[in-house]
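K.L.:
Here's the feature list from TrEMBL:
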| type | residues | note |
| --- | --- | --- |
| DOMAIN | B:67-263 | domain 'ABC transmembrane type-1' |
| TRANSMEM | B:12-30 | transmembrane segment |
| TRANSMEM | B:66-93 | transmembrane segment |
| TRANSMEM | B:105-129 | transmembrane segment |
| TRANSMEM | B:141-164 | transmembrane segment |
| TRANSMEM | B:185-210 | transmembrane segment |
| TRANSMEM | B:243-262 | transmembrane segment |
Amino acid sequence: MVLVHLIPTTGGILLSFKRLNTFTFSRLFDAPWSGLENYRGILFDTANPLHDGFFGAVQNTFVYTFWTVGGTIVGGLAIALLLNRPMRGQRLVRTLMLTPWIVPSFVVAVLWGFMWQSDVGIVNKILVDYTGLLGERPIWLLGENSMWAIVIPSIWRGLPFAMIFFLAGLQAMPQELHEAAAIDGAGPLRRFRYITLPLLRPLIAVQLLFCVIYAAYQFAIPYIMLGSNPGPDADLMMTLIVRQSFSNNLFGFGAAASVLLTLAMCVWVAVWYRAFKRDLEAT
Amino acid sequence: MSARLVNRGLDALTWLVLALMLSPILWLVLSSLQTDGQLSRGAYDLLSPTFDAFTRMWQSVDFERYLLNSLIICTAAALCATAFAACAGYALARFQFRGGKALSLGVVGTQLIPGSLFLLPVFMGFVWLKQNTPIALFDTHLGMVLVYTAFFTPVAIYFMRYFFIAIPRDLEEAAMVDGCNRFGAFVKIVLPAAAPGLVATFVYAFLFAWDELLFVAALTQENAETIPIGIRNFIGNYQERTAQLMAAGVVSTLPVLIAFFATQRWLVKGITAGAVKG
């Protein structure tokens with residue numbers, strides 16, 4: 001199993017040092033070496049159009065990841081708290097709440113792409129025609145708003161998973177602590193701050209780790225909703241890499257950018273590990 | 001009195017949140033029951049639904065082929081991943097061996113590699129095999145099954161390990177005392193006891209394979225294309241036929257939705273396993 005992953009990964013890293021494009025593709029594994037040329041072009045060559053594209057995508061991926069992960073975790077926690085109360089139809093609500101997670105992401109993209117449409121989309125119909133919250137119709141799928149057009153569906157789809165994860169943690173939590181604190185006069189907010197949150201910390205840590213990786217590697221939602229080139233405001237790392245590799249045949253660039261993305265994730269894991277080391281050891 | 005009021009309010013809030021979360025799905029179903037013309041003019045007539053879009057969609061794209069491909073590839077890949085994971089997960093759960101910890105770490109590590117880094121060499125390898133040998137992996141079911149199996153086995157191992165740990169050792173030991181060997185005990189005692197886990201792992205892998213777009217976009221051309229590709233091609237060719245597109249969305253969500261609701265009790269257990277154990 002390790003082998004199956006290791007060989008292509010090594011291949012990918014090697015590839016990033018080669019000059020592989022339309023002309024050399026037919027030679028496949030014998031493509032000429034180019035040393036660090038791919039990396040230099042991406043990182044330092046300001047005349048290279050790929051340079052700007054790369055840094056634009058880095059910035060977009062950062063923004064996308066930040067909002068998606070933040071929204072998923074905060075929203076997931078809030079809904080988990082809400083569902084942790086005893087109520088009628090509890091099991092039904094919990095199960096139904098998971099359904100957005102089951103909807104495949106390409107369907108999510110198609111569906112929201114339709115909902116965002118400026119003229120006939122339901123979002124603008126509600127915001128403008130029915131409630132009159134906004135005076136004029138925003139355009140969601142182009143320009144600045146397109147980032148939100150992919151962030152919101154991503155949260156919508158990812159939230160149920162975080163919710164069920166936190167809910168399991170909440171249910172495994174010993175009730176005595178809450179009762180004791182309540183007797184001592186701590187209100188719900190303080191109980192949440194000083195009991196629930198610290199006990200949930202390891203779970204939040206795990207969610208954070210995987211949500212960030214998952215969001216940074218997001219591909220299907222922008223690709224299906226906005227097309228192979230989502231435009232400078234919503235072009236993520238993965239859409240950029242795939243477009244340059246498979247539409248423009250710049251495989252060397254794609255491989256080099258992938259390696260940089262992997263390095264960024266390694267840095268993230270290292271930072272994460274330092275921040276949450278204590279919580280991991282406790283469990 | 002006020003506590004009861006707060007409780008009522010929170011109940012209502014819960015239902016409201018649920019309604020908000022479900023409304024896009026409801027919208028998907030509702031708009032698939034309209035006609036293309038109605039959707040493009042924004043003139044909905046929710047009172048007279050029609051299955052027109054479904055029949056038209058079925059005719060205009062070869063949706064049946066995509067659906068079949070998806071079903072074949074995802075089922076086969078999920079089966080293989082579950083089978084591998086059952087063996088590896090059992091080993092990790094029961095035996096202490098050198099490198100066991102490294103293997104567990106490796107399982108997490110594989111999730112760290114972006115698909116794109118992985119994809120290019122696989123793509124080149126498949127193309128090379130096609131050009132130079134009779135081994136057909138590029139644009140075949142077999143190739144996609146191989147890729148997906150490799151892709152989902154690590155997570156599946158993590159799943160299965162948890163389910164095996166939950167089975168008491170005494171069960172197998174009793175079987176071994178009664179004359180079963182280790183393998184016999186595994187097949188006859190442990191596997192049946194872990195059946196819910198196997199089902200959960202299978203469905204989980206299936207859900208993810210169903211959702212996968214990146215690899216199938218690069219590694220197939222015609223024969224082995226799955227539903228996501230079908231949807232993408234549909235958008236490319238008939239962008240204005242929204243109702244048909246929504247109908248395609250409904251059809252491609254239904255299989256996973258059914259699989260989920262049939263097995264959700266075990267699936268949720270598998271997902272939350274990590275949460276409870278920490």
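Sequential numbering from 1, following the chain as shown.
Using the three backbone atoms N, Cα and C, a Cβ is placed for every residue, glycine included.
Structural setting of the listed features?
P.N.:
Counting residues 6+ beyond its ends, the transmembrane segment (B:12-30) has Cβ neighbours under 8 Å at 44, 46, 49, 246, 249-250, 253 in the same chain.
For the transmembrane segment (B:243-262), the residues of the chain that approach it from at least six positions outside its boundaries are 28-29, 31-32, 34-36, 38-39, 52-54, 56-57, 60-61, 63, 67, 70-71, 203, 206-207, 210, 227, 230-231, 234-235, judged by C-beta separation under 8 angstroms.
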K.L.:
Please give the sequence-distant neighbours of the transmembrane segment (B:141-164): residues at least 6 beyond its ends with Cβ less than 8 Å from one of its Cβ atoms.
P.N.:
69, 72-74, 76-78, 80-82, 84-86, 88-90, 92-94, 106-108, 110-111, 122, 126, 190, 194, 196-198, 200-201, 204-205, 208-209, 212, 215-216, 219-220, 223-224, 226, 270, 273-274, 277
